[in-house]
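In what follows, a structure is listed as structure tokens, so that the remarks can point back to it.
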Amino acid sequence: MAANAEPQQTQPAKHSEVGHKSLLQSDALYQYILETSVYPREPESMKELREITAKHPWNLMTTSADEGQFLNMLLKLINAKNTMEIGVYTGYSLLATALALPDDGKILAMDINRENFEIGLPVIEKAGLAHKIDFREGPALPLLDQLVQDEKNHGTYDFIFVDADKDNYINYHKRLIDLVKVGGLIGYDNTLWNGSVVAPADAPLRKYVRYYRDFVLELNKALAVDPRVEICMLPVGDGITLCRRVS
């Protein structure tokens, strides 16, 4: 969920797990995935941070445990070393990334709220991973513009994960396409946006879901016709679209 988004209003949850964001129609099936595949193999540091984040009032902003596992595996498969994350919150996905990178791997992490990042920082430090993270507080676009202006940064990132303000996803993509290497990946989170991407125009949606829905739809349409990337939209968490740069 976006770093700038409102906290969700209290209502009966479809799943009991914090940050579930699952689009599966069966609670039992999602619980089966968590208990069979995710929780038994979840690193102790990720479990600790997940439980700490569960106590935060905006805990639905966190990356779900199954998506964290997916990202960790993906980064290992592509042998990622130099990465970027836009939208950090308490750092659950950041920790999943740091665990997957080699000891000299790097993550340029950006978020408008350092206070949230510092909730998870002690866990990251205890895991011996803080040296991999370069955290920058503030809006991402000005920093991205600085990076793009220097051509030595072009094509240097193996993986970039975006889980921030949906109304800027298109603006991020315009810049990130130059920074990710050919063959590298950009992952855009929440691209199914609570399932609202297929909801009727008059559907009763929460205010923040309705507000960001059009921006998510705009991104999805743009990625579908962008010849510079190959894409794969996956129903993991709240939907993640992987873009592999080909030119």
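Placed from the backbone N, Cα and C atoms, the Cβ positions cover glycine too.
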Per Swiss-Prot, which of A28, A140, A199, A201 sits in the S-adenosyl-L-methionine site along with T63, E85, G87, V88, S93, D111, D165?
A140
Considering the divalent metal cation binding residues D189, N190 given in Swiss-Prot, which of D158, D163, D214 is annotated for that site as well?
D163
One finds that other Cβ atoms within 10 Å of the Cβ of N194 (substrate binding site) number exactly 20
Note down the number of other Cβ atoms within 10 Å of the Cβ of N190 (divalent metal cation binding site), including every protein chain shown.
24
Quick one: Cα separation, S93 (S-adenosyl-L-methionine binding site) versus D163 (substrate binding site), in Å?
10
If you compare CA-to-CA distances from A140 (S-adenosyl-L-methionine binding site) to each of the binding-site residues D163, D189, N190, N194, which comes out shortest?
D163
Cβ neighbour count within 10 Å of D189 (divalent metal cation binding site)
28
